[in-house]
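Taking it in order: structure first as structure tokens, then the write-up.
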Amino acid sequence: MDNETSAILNDIFNGYDKRVLPFVQGPVLVNMTIVLGILIELVSFEHSLKRLVKFGSEHWTSSETEITNAAVSKHDSETVNVKTKENQQLAAYVISHTQRWYDSRLVWDPSKYRGQREVIVPQNMVWIPKLFVYNSLESKDMLTENRADVRLYNNGRIKVRSIKNLDFHPRFQINIPQYVQAICRIQTQAFPFDCQFCAVALASPLLNVEEMIVNATQPPRDSYFTGNAEWFLFNVTVRHMTFEEEGESRVEIHYIFHLQRRPIYYITVIVAPTFLISALSILGIFSPGSNDGPRNEKVSLGLGSLLAMTVLLGIVAGAMPKSNDIPLLGYYILVVIVLCAVAVGISMAFLAVSRHYIHKEQMPSKRLLRFMFLNEYRKRRSTVFRGVHNYRFSQECDDLMYSKVPEIQSICMMMEEIADSHRSMRRKADMKANKKLIEREWARVFARFDYFFLVVFETLNLSALAVFLRVAWLPTPELRDQIL
């Protein structure tokens, strides 16, 4: 086999010039496809690049212990590492797209070489289509020309595996692994249930459609798509487009990656604590109690909850790109903050109103009690000081006050002092009991208000959560016409 391979190479490369395009009665037809393989975890740029270089230096084998779920197709392979930098709206990939084309200068008869129909030669020995990623900020070939190979076929008719209704004469097959850091316009309106479409756009820097035609096909059925802990890569779309430049038409290919965010992290870390904090805060603010000290504590509880949710909103803002679009999660936290703020305001209003009426010693009106479905309180008079209250000096006692007997005068004066003291104690007891009665009556009224607003605000809080989670069940958005 080695002798036949050497003989084939000596024969077909005799007089071959790789600087010349392989024209065959028209432009060169290059067939491309892409199959996604691996999406590793989100890491820093430097760490990711080191691992990817190490991964590429080991010939894309599965021996790399830090890479899991590796998959390489036997015929067409595509390996992808996606690292999204949301604050910079960049996405980093490791792609490996296959290219096939026909070169009529490299032809041999398999019958003269024991039926051998293909050979593998170094990439730097043949003409290679030159395509660049024009929406990238950084790109890096994972394999150099000295280490990359191409598969060269004889002049037989070949049907490409896993691609339907496509028959041509491919003489070359090459697999090009690259590291690409491309611009990705991230739409965060539905965050954390958002779906992103990030594209890698390839085009020829010089050749027009009269010199080279690029025919890109959709990924084969046996493509392998996988994601990481945050992103689920569920589809890849290939677009074939043309653009005009200096009066010439050129072909551009878009590999569009469909990424669906996994929201469980944000639901667990942000949404669930926000809902629980708001629910408990509303419960604490509107829990029935007295009108003074405990209501002050309710206001403090509400203000503390607002501070906690403001911190959560800052976490969300730090993870989002700086733009005019507010993410869905941001809207949810803002709505919850507004609910808690209104609840605190209502509780403070209740505190001010109750203090005002209690200070004026004004009882709730009968109309208000009937409106709140409360029974009117019936005042019961105490009998403790009834005798003292009705005590009056008789005429005989008045006469005794002017008696010439000193002992009798002392007794009468002492009895009068005792009666005055008891009347003073009665007035104080009545004032204290009346104040407690007023406080108790207003506490009954505001307890009904507390129950009402507790139900209203908890319902609004639960409704806000339901509207927020409803977005998770919406269908996946359609692919936009304008991606770049």
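Including glycine, each Cβ sits where the backbone N, Cα and C put it.
Just so you know, TrEMBL annotations never went through curation; they're auto-generated.
Predicted, not measured: the structure shown is a model, and the values here were computed from it.
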Feature transmembrane segment in TrEMBL, mapped to one of the ranges 194-214, 299-319: 299-319
Ranked first among 264-287, 299-319, 451-473 for CB pairs under 8 angstroms with the transmembrane segment (331-353): 299-319
Structural state census, the domain 'Neurotransmitter-gated ion-channel transmembrane' (270-366) (DSSP three-state): 76 helix, 0 strand, 21 coil
Cβ-Cβ under 8 Å with the transmembrane segment (451-473): same-chain residues at least 6 beyond its ends: 190, 193, 263, 271, 275, 278-279, 282-283, 286-288, 328-329, 332, 335-336, 339, 342-343, 346
Mean of pLDDT values spanning the domain 'Neurotransmitter-gated ion-channel ligand-binding' (84-263): 79
